[in-house]
Each structure stands twice: as C-alpha cells, then as structure tokens.
C-alpha cells in the first residue's frame, strides 16, 4: 500500500475521504467512504467539482497501482511474510533450520530483476516439487474415540517406497487423485437431515371460511395464520408490539397425518392487506412454514376451530359475540328505485334523469317546483324519492346509475316493439298524450288557443281530418311499399311545420340524409327502435327553382330503396353499438321543388303538395301559435282528430279518454267559435281576435 501514493498524497486522500489517517490500507473502509463522499463532492448534487476530480485521481491511482503489484508478485502477502529462518525441506512443510549465508547467496541483487520474479523462482524450486502429503485418516470420529498415545514415528521408507515416492513426485496429477480417493474411502459423507413434512396449505375443512384470492389489494380485519406451535406462541406475543392493532386473538392446535401445527386467529381493529400481515409473520419465521389468509366468515370459522380436531390453547377474550364480526353496513343509494322511476316517467335521457333526481334531494315542503306543479314527473315522485335522492347526491357513481336506468327504459321499449303490434303501440302513445294534456291543457283560454292551431291546419289542407287519418293509417299499418308519406312544396308552405307535428305525435326522430355517404350509416342508426322517422328538407341534384341549392339527399335516398320499401330487414348501426337488423320504420319526407326520380317517388304511398298562402303567414305573425310551438306539437294533431272524428273511429282502449276530451272541447269551444277562428285566419288576423276578449268581458 505504501508504494501506491506518497505520504502527502495519502494524507490528502484520507482527508478527502473524511476518515482517520490511521485507516490507510483498510480498503473496505476506504471504498465505503469513497461512495459516501462522492455524493457530497459530485457537481450534479451541488458539490465541489475540484475536490471530486482530485478524489477520483488519487483513488484511481491507488486501485491501478495495487492491481499492478498483485499481478507482478502473484501473492499480496508473500513479500511481507517471508522469513529467512524457514525453507521447504525434503518433505512438505517440514521445519528445517537453514544456513543464513546459503540463503543470502540466493537473494537477488537490488539492481537485478524484481523481487516478485525471484520469489516465484525460489518457491517453485524449493517447494512445488515436494508438495505432497501422505496421510491416513481413521473412519471413526475424534469425538467418539478417547485420545490415545502418540504413535511411534514411521520407519524409514524402503527403496521400493522411495521409488514409489519419486514416481508420485514426478506426476502430481496422480498424487491428487490418490489423496482424493483416500479421503473418500476413509471419511464417509455426512448424512443429510431428513426434512420434516410441511403442509402446503390450510386444512381442507377450513377452505370455505377463507379467502383464496392470490393477488388482491382488498383490506380485511380478520386473518388466520397457520404455522408451528413454537412460532405460533411467539407470534401470539409479538403481534401486540407490531403496527397491527389486535382486538381479538386466539390460538388453536391442530394435528393430522403430516404433523402438528397451530392456527392463530386474529381480528384487528383496522383493516390490513393480507400481504402486510404475512410479511410481519415471515420476518419472524426463518425455517418454519407459514401460511396466512384473510377470513371471510369469522364467526363460522371460530365455531369450527372450537370443535375437534382443533383445540383451543389461549385467547385474549373469553369467547366472541356475533356483533364483533359484523360490520356496520353503510346505507347506499337504491339503484333499482331510480330505474323504476325512469321507467314510470319514461325518461330516456341520462342528463335529464340526473338533473331530475338531484332536485329530489330538496326538502319536499320547501320545493317551489312542487308548489307550481309544472311537471308531472317532479311533483308526483318528489316525496317518495327524497330519501334515496339524498343518498344519490353523495354517490360517486351518479352518471353510471342514471345510465343503467336509461338502459332499462330503452330495453323495455325494445321489448314492447317485439311483443306488441303497431296498433297497440299507437294506443299506448294516445294514452300518454292524453295524460300529458291533463297536466297543462285546462281552462277556456288555453283550450281556445290550442283549437286555433287546429283551425290553422284545417285552412292549410282541404279535408285535413281525412288527410291526417290517412297518414295515421299508413304509418300504423306500415304495409310494405305503401307506407311512406311525401310532403312537397315551395319555401314557407308549411311542410316542416306539419311534419314536425306528426313526429311529436308518433314520438319519432328526424334524420339528415343530406350528409356525405360515409356518414350516412350512423345517421340511419338513429332509426333503431323508432315508430317512424322524418327525412326533413331532402335536397336533390336537379332543381325546379333556380333559387334552390343542389344536394345529394335524393342520391343517397336512391341507394336506400330497401329501407324505404320495408320488405326486408336492414342493418342499422350506431357508434359503440353492435349492428341491429330490423325493418326500417315508415318515413315522412319533406322536400322543396326538386326533381324526384320515379324510383323514389313510387315508394311513397301519399304525396301532399302544399302551396304558400299569404293569409296563413299573416295570421301567424299576429298570434303566438309559433312562439308557443302549438303548430309543431302532436297535441294539435290529436285535438284535430278528436274534433272531427266520431268516437267509434278510435280503438276501444282509448275511447274512454276520447269521450272525456270531446266533452271538454264541446264545453269550452262551440262550433260558432271555431268557425270564427277559421274566419280570422282567412282574414289574416289573430285567430282569437274578438273571441278571447268577449269571453273575458
């Protein structure tokens, strides 16, 4: 070590390593100190770069120099432990005094060669050829036999033995083999201790009470540990000193064919992972087996352990009670109650359902919406769902709950489409419209306002009651190739107004087929489970009016002949939803003055051609029929059917409601009043001009 650095450099290195200078030569301590101070001097960690560079230079020089010295000398201790008074004699490791002068003659001259080279030549000449040990060992152990007197020295070898020794000396490989063979014949190998059988798992009779999850982060408060009796006693005492706060602990002995073991049953105050409890046990069990699992049925397990073949050894409490194993169940929101509400209120919008149910969390006695009674879905259900809504307000899965409820509504609707006929579906829609009208359509002025919408439609179409009944018949029966309705006319002729009213009446959906062909499939997917659909403002390639812009709606429609016919099932798809094969619903289509190809026109059973009428537009401008969306409502269509058609024209299921509403209309609206409303519309006046004022006076 002294050859590696100078004295000043050694002191400087030890100061940089921040250890005492007396530790010079202790390589293990120096290496450990080097790792520690490297973190202090490293520039990336805010240290001194100059000190770090100097430390690396000195420490690297020490390591390189030591490697060179070891490679030259062959042994790091040969120089320091050489003694002039000993040499290797004729037999191996034999002590023999030696003439100092003879040895000194062999010592190298400082000016010639190196010490390491001379030492290797000296060792090879003096000892390597004589490195042979002939010995015999007794097969009996030294501990078993008493000490005997020292045997006499062996006699001098005979000439034959000397020749044999010389032969062995010349062939060291055979020497190694003979000595090895002698050791195996004289000293047999030690017998391995027979390992005790360790159980692979808990007793089979306890499987039903334990959790068999392999990788689980779930926390539990009941655990069962299976180990030896000694370790069970140790764990029973040391578990109190750990971070696991134990409320109840008991140990049970168990013996089977494989041996005897002990079961330690723990119930903790807090919840822990199985891995945490097992890690605590493994840290104290080096050789003993250990098994640890969570308990899913604590009370049943305790009762089973209290019976043979198990035996109670000790427990910190005299028995346990039922309530100690039961957790207080937190009251959670009732998902099914929300689903039932969505079905009864027929809500198929997730966000709408979410908003309605959040409003239910308000105290019913302080709710302004219940006092106004504007929406039936609110004031009829608020009180019954208030408690569940308070829990729903704290839930983190509000949207998931509402999505599940909406899915049930859509599933029930699809089931009705499969089980019910279209007439039965229409009857159900009639009853739904009647119930909704009961909520808002009451009072003479309100009824007169809605009857003004009925009168407007009678002026728009000649024999409108027959036309409406015909449309109703075509859409309901949905006969193949005789079920679609086309409403065509110039701008501002009332096409979309009439079509939108029928869409609300049938509870259908509007589709846009003027989109590019690659997006058309997803647009048509909106027709899944619909009673009918509206294709509004379809554009064509050839225009009959120079002010119209061409479009590709008619071209797309020409590629949907199977959809329009309704003869075979077509595949409809939505995003993130599998394709569904069904008959495409009947179509009500509106379009301006475009040329319609015969291949499309023949697939419409009814063609309505509307013409713009100035007095209809003037009448609407002077009334609130458009602002209140009366003309766009299906209630107006239903009121027109009630006003003009007899009771017998309706199905028996809805006749009771029809009679009730016909009586209501006759009570508030006379035939004379209705004629005056029609005349006001023809004159371009407010439909209720001179009627509502007289009634109010």
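Here the Cβ of each residue, glycine as well, is placed from N, Cα and C on the backbone.
As annotated by Swiss-Prot, ATP binding site applies to 489, 490, 491, 492, 493, 494, 495, 496. Residues or ranges marked as compositional bias 'Pro residues' in Swiss-Prot: 148-158. Positions annotated as domain 'SF3 helicase' by Swiss-Prot, on the basis of sequence analysis: 463-623. Under the heading N-acetylmethionine, Swiss-Prot lists 1, citing similarity to another entry as support. Summarising the annotation, Swiss-Prot assigns phosphoserine to 134, 140 and lists similarity to another entry as the type of evidence. The region 'Binding to host RB1 protein and transforming activity' annotation in Swiss-Prot covers 131-135. Taken from Swiss-Prot, the feature region 'Disordered' covers 136-198.
Taking the features listed in Swiss-Prot, we show where each one sits on the structure.
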| residue | record | contacts (Cβ under 8 Å, 6+ apart) |
| --- | --- | --- |
| 489 | ATP binding site | 495, 592, 593, 608, 609, 610, 611, 612 |
| 490 | ATP binding site | 545, 592, 593, 610, 611, 612 |
| 491 | ATP binding site | 592, 612 |
| 492 | ATP binding site | 612, 617 |
| 493 | ATP binding site | 610, 611, 612 |
| 494 | ATP binding site | 460, 610, 612, 616 |
| 496 | ATP binding site | 536, 537, 590 |
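Taken as a whole, the region 'Binding to host RB1 protein and transforming activity' (131-135) shows an average pLDDT of 51 in this prediction. Other residues of the chain with a Cβ within 8 Å of the Cβ centroid of 489, 490, 491, 492, 493, 494, 495, 496, the ATP site, are 592, 610, 612. Take the CB of residue 495 (ATP binding site) and look out to 10 A: across all protein chains shown you find 23 other CB atoms.
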